[in-house]
Amino acid sequence: MQTLLTALFLLIFSTYLIPPISALANSCRSYCGNITIDYPFGLPYGCGHPGFRDLLFCMNDILMFHVSSGSYRVMEIDYAYQSLTLHEPHMSTCDTIVLGGTGNGFAVEPWREAYMNPIADNVFMLIGCSAESPLFQGFPEKHLPCRNVSGMGCEEYYGCPAWERSGHKRFGSTHFGSGPPACCGIPFEAIKAINLTRLQCEGYSSAYNLAPLRLDGPGGWSYGIRVKYSVQENDDAFCGSCSATGGTCGYGSDGIRQVCMCGNSNSTSNCDSGQ
């Protein structure tokens, strides 16, 4: 009798926890604070595109973005330009230099690389890197990867008040002829992952440029990580067909296969196909 009651309780409990497909479909478009969550993103498992599963989490009306390098606060999702703006507290800005190697940097899982990466106009400025850093292997014979990105770079960043307040105008040499620079600005594409431990750096800053004109000094830069996202054209077409027939775009329990959620059933194409 006790076994029967236990089984009955588990059945009722699991039914309560797992919403029906129709309820999931209706809850896929949602909000976290003042940010709209829509395709290709989703908060409940099964909503959105499988390439963005287990990516966004809403905690006390604060939207968080989680990848292999760590967690970031989502400041904005720009669906028109397919981009997100991220922030993390251990990132240096023009007002604060954060050292100690505590920053996340930025890296995504290999399987996510096809779906998202920082925009080309995003500079990562690596601070206080060791002379043994992989950035400087072969130095001085080999050219350093350090450069300006969209008019933003370390030479201007040195003019920020934070460098003066830190008590160290520059952490090391800034002349390539006598040693690695104190700050090295690079585009994400140069090394594909910003990992402070692997790169042996004390800190980092990140800034992005959305304007076509040159910005007026580092005090006017936009600090944060601007990530471009995309889905393959055939996946977009699948979701377009699904939405046009009243369905909601999602993915199956395998976390890979796209499905169209149609009321009380799923379809592998759209809600008119009956499949």
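Cβ coordinates are placed from backbone N, Cα and C, and glycine is handled just like the others.
Bear in mind that TrEMBL entries carry predicted annotations, made automatically and left uncurated.
Source: prediction; values computed, not measured.
If you look up TrEMBL, you'll see 1-23 marked as signal peptide. Feature annotation from TrEMBL assigns domain 'Wall-associated receptor kinase galacturonan-binding' to 28-86.
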Mean of the pLDDT scores, which run from 0 to 100, over the domain 'Wall-associated receptor kinase galacturonan-binding' (28-86): 96
DSSP-derived helix, strand and coil totals, residue by residue, for the domain 'Wall-associated receptor kinase galacturonan-binding' (28-86): 3 helix, 30 strand, 26 coil
